[in-house]
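In what follows, a structure is listed as structure tokens, so that the remarks can point back to it.
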Amino acid sequence: MAQRVAVPDGANKKTSRVRVAVRLRPYMDNQDEKDEGPCVRGLDSQNLEIINWRNATETVKYHFDAFHGEQTTQQEVFVSSVKPILPHILTGQNASVFAYGPTGAGKTHTMMGSSDQPGVIPRAVSEVFKLVKAKDEDEGWDYSIGMSYLEIYNEKVLDLLSPSSQDLPIREDKDKNILIPGLTLTTISSFSDFDKHFVPASLNRTTASTKLNQRSSRSHAVLLIKVVRTQRALPHRQQTGKLYLIDLAGSEDNRRTGNQGIRLKESGAINLSLFTLSKVVDSLNSGTAVRVPYRDSKLTRLLQDSLGGSAHSVMITNIAPEYKYYFDTFNALNFASKSKLIVNKPFTCETVAVLPVKRAKEDHKAGGSGAEPQKKRHKDDRKTEQDGSSPSAHFYSPSEPSVMDRLVALEKLMMNCQDKDKLSMLSVAQSRKEIQELKEKQREFESKAMLFSRLAGEKSSAKQEPAFTNNSAPLQRKQSTATNAKKQQAVVQPLQVFQPLQQLAVVKKQSVCVKKERKISDEVEPPDGKENSWESQLDTSVLEHSRQKILHILNTGSLKELKGLQQIGDKKAKLILGWREIHGHFINLEDVVKVEGMTGKRFSSFVKANILSAMGK
């Protein structure tokens, strides 16, 4: 499985700041109608200044990692800004180079170049092949290189190597790596092989003519070079490094470009994605726990690795010296100065083929059942407790083999861990032990309460006495006479307060059979104080037959049959099964009141609904 691996050598840091280089394209006289001269100039290899638009007698100075003036060649830009980050992709890390700036500032020339002056993309790919070729065969690694090429046009991800493909999704794996399912990955073995695929794909990129640029990029283009190296010997480690080479479309002022129709829609999508990119940079530099809006556009979603992610990133900001580009240049320099504050966290993406086998062997040595994942065991335990179909769900023994094996595995883990980790391990073990003791005490109390409840239920069904005696208990055992109705009414009244609901149901049953106690039963039978006149309208034999039929289903019915009863859902059916598993069959239909949640009122409506339903059928 893929995992993050600490960087072994001290040269590679755990954090990497985004490197920002600024390139000033040559001054073009034919674009300067007012002959105002340049508005920006370089001071040295890292500093430049631009005229302050608020006060023309002042300038604003900027400091960057590198400044490339008008006379800087393509080779110098590549060697000073791009070449240093390329070795990282051969060690399983990611790298990213992208050109930023207004339209007409020379971004495509910097990234693509021409046949006599190749840009960053062809030089970087050529350098990757040189680095792979220079690797010693005795190191024991095999290398493979693949390429993908895409563009983001009107917020759609299109595969340039497969022009017939539709809009592709952008995904993220558990290690925060950005993936594009369905994107073509072509294996290349040499630079000529790369050139054979890259040149036709570049012609598929969307470009158009505007007033500021004869061949303006209407989309963001992304070239992905993927290097995978595999160890020949065990444990067959595999490291994957990715190089993103990105040519961004430039921000546009539609008043100067003269865009209309489809060009206007394209520039709107470009400006919106670049505005979202600016918001991402501001969020990363805010230093507070705010949401970084990577998902607000396809461009920022794709640059998630490059800005604040896991890549060694270089941003080449292209600017123009003419006054008509002043505000575009000023905004680009401000964006570049904010971007250089972003810190990435590169890591090595490594896959070890035999890792699962080693873990399985170690777990087997630590203990058989202890090898089971912790989360899965907790899930099974919860499922068993909720099911309630076996008595073991309510009683737990600390001497079970699984618990002992887990304790043995924990002890071995403590012996193998470092000294400074033992205190934390002991505290965790102590807290777990305390929680386990509390759970055992709780289960013990529950079992005792359940036993008392069962004994009380048997006693009440045999003698019609309450489970727990109180001061009014002697009044319950006095036999009433038909000649003293007022006294019997006073005797029955406390039973409505202290007597369990199930006993009320028993008294109700006796009152139906014994005509002499009719008045007493009328006083106690309905918990809500209402008379069940529907029972008096039914034949006694039919009523008793229906009650026995319901009792038979409660005692012998399956979960499905119980759910077939009126007002019995899945939860209530499981509770009935659990009660039946522990206490046995229901002696009387009124014993259903002993099930959790079945009150006297619900019992009355339950009996009525099922009997009337059976009569209707």
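Yeah, the Cβs are placed from backbone N, Cα and C, and that goes for glycine too.
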Next item on the list: May I ask you to indicate which of 457-478, 523-544 is given in TrEMBL as region 'Disordered'?
Entry: 457-478
Checklist line | Gly101 (ATP binding site), number of other Cβ atoms within 10 Å | finding: 29
Note to self: Restricting to the chain of Ala105 (ATP binding site) and a gap of 6 or more, list residues whose Cβ falls under 8 Å of its Cβ, or answer none.
What the structure shows: Arg25, Gly250, Asn318, Ile319, Ala320, Tyr325, Asp328, Thr329, Ala332
Checklist line | Lys107 (ATP binding site), number of other Cβ atoms within 10 Å | finding: 26
Checklist line | Other CB atoms within 10 A, centred on Thr103 (ATP binding site) | finding: 24
